[in-house]
Amino acid sequence: MLVLGIESSCDETGLALYDTERGLLAHALHSQIAMHREYGGVVPELASRDHIRRALPLLEEVLAASGARRDDIDAIAFTQGPGLAGALLVGASIANALAFAWDKPTIGIHHLEGHLLSPLLVAEPPPFPFVALLVSGGHTQLMRVSDVGVYETLGETLDDAAGEAFDKTAKLLGLGYPGGPEVSRLAEAGTPGAVVLPRPMLHSGDLDFSFSGLKTAVLTQMKKLEAAHAGGAVLERAKADLARGFVDAAVDVLVAKSLAALKATRLKRLVVAGGVGANRQLRAALSAAAQKRGFDVHYPDLALCTDNGAMIALAGALRLARWPSQASRDYAFTVKPRWDLASLAR
């Protein structure tokens, strides 16, 4: 089965072709980072308009790269939610228009399910069941993944997502957009232990997260730094130490909660997905913990940590292989800007 996947939930336009026998044939991605940088964040209207401009050229790109023709495609999967309403509508409209014109069925995919399953795109995918740490700009969750569509929420953030805390910390430190990678780069120049920040809910006894207090701690420290240093090299070094303190605190919490989830479920496989999963400090800490505690940790390829069409094509193919009745030829689609992943549980 050959499935075309279309992702447009936020500020990346992604298209891909996934075959259930041959794997990922081609994927193409356009990021809107440069366009949104001058605004310091994603502008929804601009994001939607850019998806319109980019989708069809990306479609031509994946068809050419894969050697596939439209007649070879068996179904079209699209991100139905959650995400920005306008951006979702663009992707859904394009998917259903193509499906109508080509006489193909469609399937709407939960964006987070795509992330959860994205590590299955590697050469040696982890078998079910596993614990998944889903960590991105909008979500931080620990899930037990027993099979496609069989998900149990073990813990989640009670306020800010980890990626959101990274982005807000970047703004407090006067860094550019996107904030997460900028904070991580600055942190690598900081001195470990020079600034020690709180580890929220580290000993809460559950698997939930909270990052708003950590963000507030960064704000408090930044005000002290600005009062003590008028500027110059001293302030820049102090900001690097603060960034290091923030990243160390966030990573400590993510690792500790992941270990607790593995212990609670008695599983030995951890999958990390979402944009923050590309963070080098997080990967290093999890790898060290895995070696010490005797569990396996799996990630998608770095290029597939961000939003992409490959994960949507994969999720669509896996769902249709298990539940062919989910294929739809009713092109009166809806999108779901808010959509609880737990609602997919079978």
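Numbering starts at 1 and runs along the chain as it is shown here.
Quick reminder: no glycine exception, Cβ is built from N, Cα and C everywhere.
Note that the structure is a prediction, hence the values are computed from the model and not measured.
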Which of these, Asn96, Asn279, does Swiss-Prot list as part of the substrate site with Leu134, Val135, Ser136, Gly137, Gly138, Asp167, Gly180?
Asn279
Given that Swiss-Prot annotates His111, His115 as binding Fe cation, state which candidate in Asp296, Asp301, Asp307 belongs to that site as well.
Asp307
How far is it from Asn279 (substrate binding site) to His115 (Fe cation binding site), counting Cα to Cα, in Å?
16
In whole Å, note down how far the CA of His111 (Fe cation binding site) lies from the CA of Leu134 (substrate binding site).
11
What Cα-Cα separation, expressed in whole Å, is found between Gly180 (substrate binding site) and Asp307 (Fe cation binding site)?
15
Cβ contacts of His115 (Fe cation binding site) (under 8 Å, same chain, 6 or more positions away):
Leu134, Ser136, Ala273, Gly274, Met311
Among Asp167, Asp307, all listed as binding-site residues, which has the most CB atoms within 10 Å of its CB?
Asp307
Excluding His111, His115, Asp307, which residues of the same chain place their Cβ within 8 Å of the centroid of the Cβ atoms of the recorded Fe cation site?
Glu7, Ser9, Thr79, Leu112, Gly114, Ser136, Gly274, Asn308, Met311, Ile312
Tell me the Cα distance separating Asp307 (Fe cation binding site) from Gly137 (substrate binding site), rounded to the nearest angstrom.
11
